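What TrEMBL records for this protein:
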BINDING   K26, 72-73, 101-102, K105, H107, 128-136  5-phospho-alpha-D-ribose 1-diphosphate binding site
BINDING   T132, R162  orotate binding site
DOMAIN    38-167  domain 'Phosphoribosyltransferase'
Amino acid sequence: MQPHQQAFVDLLIRYEVVRFGEFTLKSGRKSPYFVNAGQLRTGRAIAGLGRAYAAEIQRAELACDLVFGPAYKGVPLAVATAIALAELPEGGRDVPYGFDRKEAKDHGEGGNFVGTAPAAGMKVVLVDDVITSGRSIREAVELLRAAAPDVEVGAAIVAVDRQERGRGQHTTLRELRDELGVDVRAIVSISELVPYLHGREINGKVVLDDAGRAAIEAYLAEHAGLS
């Protein structure tokens, strides 16, 4: 893994964003691990999250005129990422951020957007937490493209790719790429995260033991999609 990915995984473990055990997902499926980005709810945590997204934008050399976060979970992500982009040690960029309203406002700062609204010709990078069905990304891309002519949603970044099948045989990320024509990517995937954490001790405790790794590999063998 890249250094920014390692730092990101360490952040996820420190704040118990990723946990291993037996969990029931919203779909009713049993999973040997769980990802809850809502655990990142302090200033230091969200700053670390913003640095991870900014590092991914820089590493992938993504053109970015606007960092956009779909409401509500994407709002702090967009703000934190824009701050982190401005503070990059090399090649810092002062990029505006924006997000949408759940309900349009007809007074004050009206319309569907808060912060910087998408404008003609803008290259937008969308930031979200974790993909499940991909619904929030689909809706955000549709909203952005309808907002102004020639808006280019060049990429969408999520924190963790569970690499599970979407509607067909491919992963949800792959399906979104093909359907939307957007570079949908994750900072880290579960197949990268597992070998990095396997056997590692943090605070005197093994984060992921042999049985835990075997359970995840069996789960992916059954549920993983083609990437």
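Along the chain as shown, the residues are counted starting at 1.
Glycine residues also receive a Cβ, built from the backbone N, Cα and C atoms like all the rest.
Bear in mind that TrEMBL entries carry predicted annotations, made automatically and left uncurated.
Fair warning: this is a prediction, and the values are worked out from it, not measured in the lab.
For the domain 'Phosphoribosyltransferase' (38-167), residue counts in helix, strand and coil come to 45 helix, 36 strand, 49 coil, using DSSP.
Taking Cβ-Cβ distances under 8 Å and a sequence separation of 6 or more, the neighbours of T132 (orotate binding site) in its chain are K26, R162, T172. Summary: among the binding-site residues (K26, S133), the fewest other C-beta atoms within 10 A of the C-beta are counted at K26. Counting other C-beta atoms within 10 Å of each candidate's C-beta, the binding-site residues K73, K102, R135, R162 are led by R162. In sequence order, A37, K73, G74, L77, V158, A159 make up the list of same-chain residues 6 or more apart from D129 (5-phospho-alpha-D-ribose 1-diphosphate binding site) whose Cβ falls under 8 Å from its Cβ.
Around the Cβ of I131 (5-phospho-alpha-D-ribose 1-diphosphate binding site), the number of neighbouring Cβ atoms within 10 Å comes to 25. Across the domain 'Phosphoribosyltransferase' (38-167), the model assigns an average pLDDT of 91. Mapped onto three states, the DSSP output places K26 (5-phospho-alpha-D-ribose 1-diphosphate binding site) in coil.
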